[in-house]
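Have a look at the structure below, then the notes.
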Amino acid sequence: MKKLSRTISGVTPVAVMTKPLPCPGKCIYCPTFAATPQSYTPESPAVLRAKSCEYQAYKQVALRLRIIQDMGHPTDKVELIIMGGTFLSADITYQYGFIKDCYDALNGVVAGSLEEAKTINETAQHRCVGLCIETRPDICGKAEIQRMIDFGTTRVELGVQMLDDDIYKLVERGHRVSDVAEATCLLREYGLKVHYHWMPGLPGSSPEKDLALSRMVFEDPRFCPDGLKLYPTMVVEGTILEQWWKEGRYTPYPNGTMTGLIADIKALVPPYVRISRVLRDIPAVFISAGLKDSLRDGVRQILESRHQKCRCIRCREYGHRQRKGQTSGEPTLRRLDYPASGGKEIFLSFEDASDTLYGLLRLRIPCASLPVLGQKYGAKTGLVRELHVYGTELSLGEQGDQSAQHRGLGRKLLAEAECLARDEFGLDSLAILSGVGAREYYRSLGYELVAGYMCKHLD
């Protein structure tokens, strides 16, 4: 049966799980099970799929493609999501081999190297237009970022949890708030999208503190992530936190309190942010205390009762609103500027009068040049960190009356970004850290490949 929401945001997500690996963290809330990747539980859907494939990346990707195609979805534009503990702390040879196997599965042919696999994927039937990696803020330095660029990464999810050093110390997180700020800045300056994992309800916090920190994350320019995964704290079987709960040292928020808090957070999120999840996908049998059921309906009801709306990207996407039967109008170009990590972010979007979001572009005016681009593009270069047109995914070259894709909105957004970079900010070039499978699109618009980036001089 075709699940409409699977490709409704314009791409096909394919989750791939690494083999069980040791994690440098010792967080008291993190589940640890034998023969299961760190932070996951044995019966989670992604874990069960990975186990059936012996945690081999090639088998996992091939299986997911076959299942998604059998469900009637296009698989031309794929976003790979690498899951399973802290991948970047694993053996480096394993990392490169794992990513290569993902591309080989998309390509249907085994390449001689990762670079060859990426080149093949530029024109393959199943193109990787996005690649996401999860990591810790303290395992996100320049060396790790360069490795991610080698992989073709476009989005990084940081395990931030909550921006408070006292909480970090209490839960044995192993890093500081300053590490979050530094990692966020580096990721932005290299042109990557930055999402945070956000955990209200941790030991040492309170609903009031969680809300204040949630407000701060968007008011403090050191942070301002592009997206959030809201993961209310759960007491999971076998964790140190479960022992604290049994001893009375920790009590999770009542369900109503947590649902109200999530509604408060959603109400304050800026329109440039995408909230992709509001609860971790952990089977209820492994949850000793805390929320076990989806929050979306309860949160929506609270917001409606307050006459409030969540303005996040997911709630405003063309495809999601179309599925709900909402009428869409004619999109017009909008612009939102905000400071972040020492530079300037310009959020361009096509939206209608009801704020329905058809497409977006994130333009960064960086605070420093990128040496990896060399003399030709290194100085006075702006960064396009994301270009995305929403609506039900269409196959390459396909047209559809009910989709926002393939109407030229992406080209218009990019043309506007080029004009702004040149005329308003005096930049002479743009660089885009695009997915490998999107490179041909940018080549058609005059961009060339330089050190993993698609670059163009602005005449």
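For all residues, glycine too, the Cβ spot is worked out from N, Cα and C.
Just so it is clear, the model here is predicted, and its values are computed rather than measured.
Residues or ranges marked as [4Fe-4S] cluster binding site by Swiss-Prot: C23, C27, C30. For K77, E386, L387, H388, V389, L409, G410, R411, Y442, the entry in Swiss-Prot reads acetyl-CoA binding site. Among the features that Swiss-Prot reports, Zn(2+) binding site is placed at C310, C312, C315, with the record citing experimental evidence. Per Swiss-Prot, the feature domain 'Radical SAM core' maps to 6-271; the stated evidence is sequence analysis. Summarising the annotation, Swiss-Prot assigns region 'Radical S-adenosyl-L-methionine (rSAM)' to 1-278. Taken from Swiss-Prot, the feature region 'N-acetyltransferase' covers 308-459.
For Y442 (acetyl-CoA binding site), the Cβ neighbour count at a 10 Å cut-off comes to 21, with all displayed protein chains included. The [4Fe-4S] cluster site, placed at the center of the C-beta atoms of C23, C27, C30, has further neighbours from the same chain whose C-beta lies within 8 angstroms: G25, K26, Y29, T32, Q38, S39, G85. Each residue contributes its Cα atom, and for G410 (acetyl-CoA binding site) and C312 (Zn(2+) binding site) these two points are 20 Å apart. When the Cα of C315 (Zn(2+) binding site) is compared against those of the binding-site residues C23, K77, L387, the shortest separation belongs to L387. Checked against C27 ([4Fe-4S] cluster binding site) by C-alpha proximity, the binding-site residues K77, C312, L387 yield C312 as the nearest. The two recorded residues, L387 (acetyl-CoA binding site) and C30 ([4Fe-4S] cluster binding site), have Cα atoms 34 Å apart. Reported as a whole number, the C-alpha separation between C30 ([4Fe-4S] cluster binding site) and C312 (Zn(2+) binding site) equals 28 Å. Sequence-ordered, the extra residues of this chain that approach the Zn(2+) site, with Cβ no more than 8 Å from the Cβ center of C310, C312, C315, are K266, V269, I275, K309, R311, I313, R314, R316. Looking only at Cα atoms, K77 (acetyl-CoA binding site) sits nearest to C312 among the binding-site residues C23, C310, C312. Ranking the binding-site residues C23, V389, Y442 by Cα distance from C310 (Zn(2+) binding site) puts V389 first. Summarising model confidence by region, the domain 'Radical SAM core' (6-271) averages a pLDDT of 95. Sequence-distant neighbours of C312 (Zn(2+) binding site) (same chain, 6+ residues apart, CB-CB distance under 8 A): L228, K266, V269, P271, V273, R274, I275.
When the Cα atoms are compared, C23 ([4Fe-4S] cluster binding site) and V389 (acetyl-CoA binding site) turn out to be 36 Å apart. Ranked by Cβ neighbours within 10 A across all protein chains shown, the binding-site residues C30, V389 are led by V389.
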